[in-house]
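*Asks:* Here TrEMBL flags A:1-16 as signal peptide. Per TrEMBL, the feature domain 'Beta-hexosaminidase eukaryotic type N-terminal' maps to A:33-157. The disulfide bond annotation in TrEMBL covers A:C63-A:C117, A:C294-A:C344, A:C525-A:C543. Look at TrEMBL and you will find A:185-498 tagged as domain 'Glycoside hydrolase family 20 catalytic'. Here TrEMBL flags A:E339 as active site, proton donor.
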2 protein chains.
Amino acid sequence: MMKFLLLFVYIGLGSGMSIVNPGPKFPPTKGHVWPKPQEETKENKYFLFNPSHFKVKVLGQNCTILVNAINRYSFIIKNKSGLHHRRNHERRRRRIGRDENYLGGIDELQVDLTEPCEEYPHFEMDESYKLNVSSTSTLRSASVWGIIRGLETFSQLFYLSNDRNQLKLQELRVNATKITDFPQYSHRGLLLDTSRHYISMSNILKMLDAMSYNKLNVFHWHIVDDQSFPYQSERFPELSEQGAYDSSMVYTKEDIQRVVEYARDRGIRVIPEFDVPGHTRSWGNAFPNVLTECYRQDKVVGLGPMNPTKNATYKLLRDLFQEVQTWFPDKYFHIGGDEVELDCWRSNPELREYMNSHNLSVTQLHGLFMENAIPLLANDSEVVVWQEVFDEKVPLSKETIIHVWKGSWISEMVTILTAGHRLIFSSTWYLDALGSNWPDYYWADPRQMVFDVTFNSTLANGIVGGEACMWGEMVDDRNVMGRVWPRASAVAERLWSANTLGRRMRSIFDTIPLEVYQRIEEHTCRMIRRGIDAQPPSGPGFCIP
Amino acid sequence: MMKFLLLFVYIGLGSGMSIVNPGPKFPPTKGHVWPKPQEETKENKYFLFNPSHFKVKVLGQNCTILVNAINRYSFIIKNKSGLHHRRNHERRRRRIGRDENYLGGIDELQVDLTEPCEEYPHFEMDESYKLNVSSTSTLRSASVWGIIRGLETFSQLFYLSNDRNQLKLQELRVNATKITDFPQYSHRGLLLDTSRHYISMSNILKMLDAMSYNKLNVFHWHIVDDQSFPYQSERFPELSEQGAYDSSMVYTKEDIQRVVEYARDRGIRVIPEFDVPGHTRSWGNAFPNVLTECYRQDKVVGLGPMNPTKNATYKLLRDLFQEVQTWFPDKYFHIGGDEVELDCWRSNPELREYMNSHNLSVTQLHGLFMENAIPLLANDSEVVVWQEVFDEKVPLSKETIIHVWKGSWISEMVTILTAGHRLIFSSTWYLDALGSNWPDYYWADPRQMVFDVTFNSTLANGIVGGEACMWGEMVDDRNVMGRVWPRASAVAERLWSANTLGRRMRSIFDTIPLEVYQRIEEHTCRMIRRGIDAQPPSGPGFCIP
């Protein structure tokens, strides 16, 4: 597996000997947005939410994706903003004294989509939007994806008045606000590994919900690996019949289509990874012949990476990739290429003979494999590979995107960018470092790191984004939501908002502003209200359900 | 809070460059017991479980606790052993070929309790039992608590035949087995902190279930602390009215009685902790007068520990303790005494004046408080204090039990034992070290550590047990089960089985036998089947639900 041991130990936020206050360690903000918008002006004056009258009015273009998004967020605002006692609320609204900041009720949001909807989210999609909460509230974007991001922001502006223990007097408010917003990085992803432990469809869909609450836009589905093969192929059913943990632990074609549709509705791309030629042991239950027999002292001791010299290997990959690319409409395909057990290739007499006769080193053999495998993908594919493929000097087209995950990432990124590749960053965002908490994931801005050593922003802009990686060794269906959220929220804010907050963080030792601690508390409770079993972000506290 | 930063970083069990097998990293054992019994002889020959005929027959003494335990374990064996298709099972039983190890069906367990039941579990209770699974299976103990432990063991011996993907042919077996078993330590606890985050009753009861599956026998309820006061007092309702996070986040008298009863049925004692004079900030919402005003440069900056010079303090404690000890029948009471902010006492002009006039140091003031507070408990109480109270040389009766939680624990334990106190150990068992996994908790045997430096087993035997501590800063109702289990299972096995396995582990660097990795896999899946959301112990794998 791609394990990178972050040695940042969780620094206790315990009470120490200083004066402790009762209640939450970081009292949550009220109606603050995560990830932070690029430009935001918020007044003290507020509107009251009127659940029985509120509606969203479509002014411009319309389409099913937009209708679905409006329904979703209308439901969320009405039912998931923490206001339990709607009837009480309504009745008491008239009785509560109105202060000078009260601007009246908010009954409508006008949604103005100025260009026709696109069918699928894609790498270059426009996610920018303008939101104005005032007596006539409007949300405007040239793209349905921008409208979706804006609706998320709008839904996050609502907050309950008054403090705890006074629930009966609470009312839902939204301050007069102007927001101009867009993401700093195009590729904002979450990798989920469903091979080391099987993750249920129900949790995958919840994961997509949570991604949309954090404006992440790429679901990188590391669907199969050494340990199990849950992808249920129609062309090769034996792969999962013999490679899945259990017959109940598979993803069918219908499951995959459901994930793609669900993600599309939320402006999320789904990029599958079939990690070859290493990380393929589970393929060998059904197709041992495409793997390499590893030798120790002239004896076969097990099966290793795919055999790069056999036609059968490429034939299987060609037919399987063809099916996979029909089921996953995104042009991006992650073909892996990491952690190939070159020692196994070296140990195999036939491969040694092959390397000798073709005058190839073992890394050149890896190169040969990738050169053969990549063209098996559809012509218009955009290919992503783990950094080893670049490091081992496999000839790659400049279009290939390199996924950086190892240490020494700054020099690695500079080398990759200088060679003319775009890249995706993950090195400091491995969520399987169980002792790391969200502040450990919050500081790193990959473009900033490259700019700091090169002073070349054009070069830095070759970093198209990054991904938080939830490798599955230590997470299963029961704890995966809490392991990912809110830790991945830190990555989501960095990728959306980058360093525009006027507080450039350059290392893990920079102090995160108190406001961020308070805002992630609100955001975590918000996710919990919406059904995401997020874990406590930073210390003692509570969420009203 | 009592945070002790274990610096053991989770050592990745990733695949590395060695040959990877598909499937679970550690294939689970079948019908092996956790914690390991003291003596066990297991044959290859097996009996088939017969769900429609199986019954437990009581030969000796009987009582409600015994009836409840038999009902509970009959249900678990029949319904939580992983056998889904009972009808299929029944039908196919006759058709499966019988091998030479087949001994027939198991229809009955005879339970022979040779002495009358006790009413409540207690420190000196007898938990030993003898279990014989043969053509006439018997479980014998002089104590109902021993029978409960033996029923747990019996329920763990059952396992499904055959491998995965052949569910329809599986049958429930139990091998012919002889077990003589007893715990090495009397006090085997789990501390749960319900102040930093509120934990629901439903999860507290599940926690007690899980404790019984691990033969833990002390639920140390760290019920209130600085952050919130969920204990709903009848005598002082304002404490939780003003000190709980929310009016819904309290434990009523009925809740507490339910916990005590539920625990009693499982042979678990419930020891409440009211941690004084520090860790009391939430008391001050209702009773600011019993806390000390902390000063900085002649200005009050907040409230600190209890004020040890005021009668009001002791009056409140006396009346509250009286109520608490009525609701919690166990003689043990944990009075805390850790992490007192002596700086606050030093800063307060009145207390400075008091110390001057009485010629007291600030630690002597802490001593004065403890000397006044401890006698407020019932006469026959057994008092537990955190180690600071001993370290600060507060005069304590020899009966007082010291709870060791800090670093340098070996010399600390030797000092405490030499001074004639009994002690409870927790230093290496802090479950709030999020990066630590069960192997980090598995190695430490406190008696072994003391014996290794003193060669004095009488001294070492003054260690009466230990507790895994789940401090609540980073856990709430959503993730607490997975944080505790199976990590606390490592502590449970150490405390029950100690070093009798013929493999004395002396440090974290000792290799844990493969058998333990496999056995905790089975145990984790067993807990999951019984409704405990345990997390994956050691790497890739799966449980059939």
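Including glycine, each Cβ sits where the backbone N, Cα and C put it.
Not measured: the values here are computed from a predicted model.
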*Asks:* Tell me whether A:C294 (disulfide bond) sits in a helix, a strand or coil according to DSSP.
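*Replies:* DSSP assigns A:C294 (disulfide bond) to strand.
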*Asks:* Please name the residue among the disulfide-bonded residues A:C294, A:C525, A:C543 whose C-beta has the most neighbouring C-beta atoms within 10 angstroms.
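*Replies:* Highest number of other Cβ atoms within 10 Å: A:C543.
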*Asks:* What subset of the disulfide-bonded residues A:C117, A:C294, A:C344 has a Cβ positioned less than 8 Å from a Cβ of chain B?
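*Replies:* Among the disulfide-bonded residues A:C117, A:C294, A:C344, the ones whose Cβ sits under 8 Å from a Cβ of chain B are A:C294, A:C344.
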*Asks:* I'm trying to understand the geometry here, so how far is the Cα atom of A:C525 (disulfide bond) from the Cα atom of A:E339 (active site, proton donor), in Å to the nearest whole number?
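*Replies:* Their Cα atoms are separated by 39 Å.
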*Asks:* List only the single closest residue to A:C543 (disulfide bond), chosen from the recorded positions A:C117, A:C294, A:E339, A:C344 by CA-CA distance.
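*Replies:* Sorting the recorded positions by distance from A:C543 (disulfide bond), the top entry is A:C117.
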*Asks:* Please report the Cα separation of A:C63 (disulfide bond) and A:E339 (active site, proton donor) in Å, rounded to an integer.
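*Replies:* So the Cα of A:E339 (active site, proton donor) lies 44 Å away from that of A:C63 (disulfide bond).
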*Asks:* Which of the recorded positions A:C294, A:E339, A:C344 has its Cα nearest to the Cα of A:C117 (disulfide bond)?
*Replies:* A:E339
*Asks:* Looking only at the domain 'Beta-hexosaminidase eukaryotic type N-terminal' (A:33-157), how are its residues distributed among DSSP helix, strand and coil?
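*Replies:* Output for the domain 'Beta-hexosaminidase eukaryotic type N-terminal' (A:33-157) reads 38 helix, 36 strand, 51 coil.
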*Asks:* Measuring Cα to Cα, how far is the residue listed as 'active site, proton donor' from A:C294 (disulfide bond) in Å?
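*Replies:* The Cα atom of the residue listed as 'active site, proton donor' is 15 Å away from the Cα atom of A:C294 (disulfide bond).
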*Asks:* Considering the disulfide-bonded residues A:C63, A:C117, A:C344, which residue's Cβ sits among the greatest number of other Cβ atoms within 10 Å?
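*Replies:* Checking each of A:C63, A:C117, A:C344, the winner is A:C344.
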*Asks:* For A:E339 (active site, proton donor), what is the tally of other C-beta atoms lying within 10 angstroms of its C-beta?
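*Replies:* There are 21 of them.
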*Asks:* Please state whether DSSP places the residue listed as 'active site, proton donor' in a helix, a strand or coil.
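*Replies:* The residue in question, the residue listed as 'active site, proton donor', is coil (DSSP, three-state).
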